[in-house]
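According to TrEMBL, the feature transmembrane segment maps to 30-55, 67-87, 99-118, 124-145, 157-179, 185-207, 274-297, 312-335, 342-361, 451-477, 489-510, 522-540. Here TrEMBL flags 30-544 as domain 'Major facilitator superfamily (MFS) profile'.
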Amino acid sequence: MEGGIHTSTDTSAFKECLSLTWRNPYVLRLAFSAGIGGLLFGYDTGVISGALLYIRDDFKSVDRETVLQESIVSMAVAGAIIGAAVGGWMNDRFGRRRVLIIADFLFFVGAVIMASAPGAAFLIVGRIFVGLGVGMASMTSPLYISEASPAKIRGALVSTNGFLITGGQFLSYLINLAFTKAPGTWRWMVGVAGFPALLQFILMLLLPESPRWLYRKGREEAAKVIMRKIYPAHEVEQEIQDLKESVEAEIKEEGSSETINIIKLLKTKAVRRGLTAGVGLQVFQQFVGINTVMYYSPTIVQLAGFASNRTALLLSLVTAGLNAFGSIVSIYFIDRTGRKKLLIISLIGVVVSLGVLSGVFHETTTHSPMVSRVETSHFSNITCPDYSSALNSGAWDCMTCLKASSPDCGFCSSPTNKLLPGACLISNDAVKDMCHKETRLWYTRGCPSKYGWLALIGLALYIIFFSPGMGSVPWIMNSEIYPLRFRGLCGGIAATANWISNLIVAQSFLSLTEAIGTPWTFLIFGVISVVALLFVIIYVPETKGLPIEEIEKMLEGRALHYKFWEKGNKPHEKSQAT
């Protein structure tokens, strides 16, 4: 019975994973070495958010053009789309290990180009190289770990990839903070990324190929040697037999163990249902707004009314730390609670958090400090031109001042209390320094607000709920839900969908906040999260505790299962019943 499998998993999966440290360290070595790909993914996501604050200071064209800022962020995502799409095919053709080695090389080259970039154009080229590497690694790392993990702890081990993604984001914020006072600030931030890529490159040269990929390619003996190192003695022969039967069934069905027919892929019920769930989860992972929070968290903190770059980075470090903590929670619960329940709890929390954020930002934008003529006239010849010529200047507040664009203007707060009326001035470095010399705060992205801390609480709640569920589960599901012969290709399709969605969100977030405001932007993410919740309830199956070969049988006979809190029958028993 499936329930029997789940009971065993519920009570021992996490302890079993921990016990591997001394009982079978080989499995953990495989998981963490491959998981460095997740570290690269996370580091790149996090580092650019902090580096962008200083890139704007070095390259004035970037500071002036929102499109350039979005391009620096999103060109890595564009590269990742290509990397994930090509990586899916390469995984099936050349193997998981070789693809990770190529990804590390590309990432290292990109990090060197970025660190030495003389201008925005070279920086964007480096971001594309990094993106190619991240795209390949993002779908290959969980796939490699999944195929080299015992079923009982597969979820926990693949979650280590998610932990290393969030750990990479946390590390990036630490490094951002460490280099805020160093010469060349952002160059160090982006250049350090080359070191973990080099480390994984060396480690992967010393590790074997995925045993399931080897078996599929006819190298049965090599696969068996690796599987005997991975599985306990009393389980290994059954695992080898299950794998043998799965491959033989595929060959019998397809007529060839090497040919992958795209039309056949879409006509196969298990693959079609797997792609619906897998691609849907990857798309919704991005459209509920997570990488908006990670890419732009320092900017969001400034929008909440915290003026200093360093303060914004320090507070963003808290959100990155919570994200890493959520991944540890995922490792513990993924094989206890199950994938589907974790997704549903996660999305309910995300909806509530986004509602809080939308409300808080509405308050910060509608109750910002007024602009005072007295305070403004205190600074001679640098008054914002739009303010000087406005007929209704008495109605101007901080937000009105920041929206002025000919030229850009900033808000210099009152020296006694940042919530009191301040000055609306031309925005440039000289004026910023003049404002700071009088112990005033300088705002260009958000306004002073007594609700700023509530925005941080909303961000923290969002991360706490997102990370264990929607942060980890989509990658886990996509590493286990497809038949072996289509696993690389389908994983590549799902990862490509993730990165395309990522690109859309990253490229549009700042423009969206400028066009409709931050409150409405977060409200849109909240509505999308409700749709994602319904999608999970209807289309996503539960796969906890099932051997990879058994999941295909479950998808073949699966009907819609709305009562996710109830345990179903074993998949093949359902099939027999129908």
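If you go along the chain as it appears here, the first residue is 1 and each next one adds 1.
The backbone N, Cα and C atoms fix where each Cβ goes, and this holds for glycine too.
Under 8 Å from some Cβ of the transmembrane segment (157-179) lie the Cβ atoms of residues 17, 27-28, 31-32, 34-47, 50-51, 141-142, 145-146, 149, 185-186, 188-189, 192, 196, 294, 310, 313-314, 316-317, 320-321, 323-324, 326-328, 330-331, 334, 467, 471-472, 475-476, 479-480, all in the same chain and six or more residues away from its ends. Proximity of the transmembrane segment (274-297) to the transmembrane segment (451-477) is established through 3 or more Cβ-Cβ distances under 8 Å for residue pairs spaced 6 or more apart. Most Cβ pairs under 8 A with the transmembrane segment (342-361) among the ranges 67-87, 99-118, 312-335, 451-477, 489-510 are made by 451-477.
If one looks beyond the transmembrane segment (99-118) by at least 6 residues along the same chain, the residues whose Cβ comes under 8 Å of a Cβ in the stretch are 34, 37, 40, 44, 83, 87, 90-91, 125-137, 140-141, 144, 187-188, 190-194, 197-198, 200-201, 204-205. If you count C-beta pairs under 8 angstroms between the transmembrane segment (124-145) and each of 67-87, 185-207, 451-477, 489-510, the highest count goes to 67-87. Two recorded stretches are said to be in contact when at least 3 C-beta pairs lie under 8 angstroms, sequence spacing 6 or more; the transmembrane segment (489-510) and the transmembrane segment (185-207) fall short of this definition. Along the domain 'Major facilitator superfamily (MFS) profile' (30-544), the predicted structure has mean pLDDT 84.
Take the transmembrane segment (312-335) and the stretches 30-55, 67-87, 185-207, 451-477: counting Cβ pairs under 8 Å, 451-477 has the most. Residues 29-30, 33-34, 36-37, 39-40, 43-44, 47-48, 50-52, 54-55, 58, 97, 100-101, 104-105, 107-108, 111-112, 114-117, 126, 130, 133, 168, 172, 175-176, 179 of the same chain, all 6+ positions outside the transmembrane segment (185-207), place their C-beta atoms under 8 angstroms from a C-beta of that stretch.
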